[in-house]
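As structure tokens, the structure follows; a few thoughts come after it.
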Amino acid sequence: MELKQVIIAHKAGHNESKTYAERCARELEARGCKVLMGPSGIKDNPYPVFLASATEKIDLALVLGGDGTTLAAARHLSPEGIPILSVNVGGHLGFLTEPFDVFQDTQKVWDRLNQDRYAVSQRMMLAASLFEGDRRDPQMVGETYYCLNEMCIKPASIDRMPTAIIEVEVDGELIDQYQCDGLLVATPTGSTCYTSSANGPILHPGMDAIVITPICPLSLSSRPIVIPPGSSVNIWPLGDFELNTKLWTDGSLATGVWPGQRVGVWMAHRAAQFILLRESYSFYKTLRDKLQWAGARFLYDGNNKVN
């Protein structure tokens, strides 16, 4: 990878993340690389400016923060095919980030990138849009939204906690009509997030699939379902007379859903590309460490338990 132009996003409001971002910018500029840098957070979205200001192809996005900062980068940069190196600086769980200890010697990191001494993890993304009109000839309304974890169709109100009636169709066939708090349509990457909390299955991120999970359904027979990645999911919010239904992408508000509109969800045409610096990466070890599964309490040397 030749680093001619790099964007650096640091966690908004986190001093250590900003300090490391400035240090990385100086080092890359000393190597003749053009750098665009800015904060990323709830009130800060630097990516439209990054993409509009780039004078040439963006070779790398360096993200210094946690999983939330990484999700924002994936939503905006993956459709452009920009690889992401995400490092846990100020994050919490760090499911999607490289550990900070592999980023201590940053000069060595730049050398490794220039010498192509890294791996790339491809993570499936989802796309969603609003549609209205006839089922056989639907018209897209507004823009297309992307997510790395999940699309969530859920009502929101200032003064109460409304439930939803949601009808779901897959590839033109009715699946179920849920009365629930909301509905999740997730990727394998997102299966360890909101979907897992809603009693959905955990899927390996190396596979492509879509998980549909109702949130707190009133019927005990309403269960999560895993469908092929090429499936088209259509979601109709019903009986929303107070106009509360919203589409959320990775926990961020995307748009409101009006009566007569449906949400279409499908696999995005491009996957998120994450740079891996660790020489050994195990998804199962990540589950043990981050979710504190029982296996994390014991150390093994080969087949023998150490303690």
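Placement of Cβ uses the backbone N, Cα and C atoms for every residue, glycine included.
Annotation comment: Swiss-Prot describes Asp67, Gly68, Asn149, Glu150, Arg160, Asp181, Thr192, Cys193, Tyr194, Thr195, Ser196, Ser197 as NAD(+) binding site. Around Asp67 (NAD(+) binding site), a 10 Å sphere centred on its CB holds 21 further CB atoms from the protein chains shown. For the recorded site, Asp67 (NAD(+) binding site), the DSSP three-state label reads helix.
Here Swiss-Prot flags Asp67 as active site, proton acceptor, drawing on sequence analysis.
Remark: of the binding-site residues Arg160, Thr192, Tyr194, the most isolated position is Arg160 (fewest other Cβ atoms within 10 Å of its Cβ).
The binding-site residues listed here are Asn149, Ser196; among them, Asn149 has the most other Cβ atoms within 10 Å of its own Cβ.
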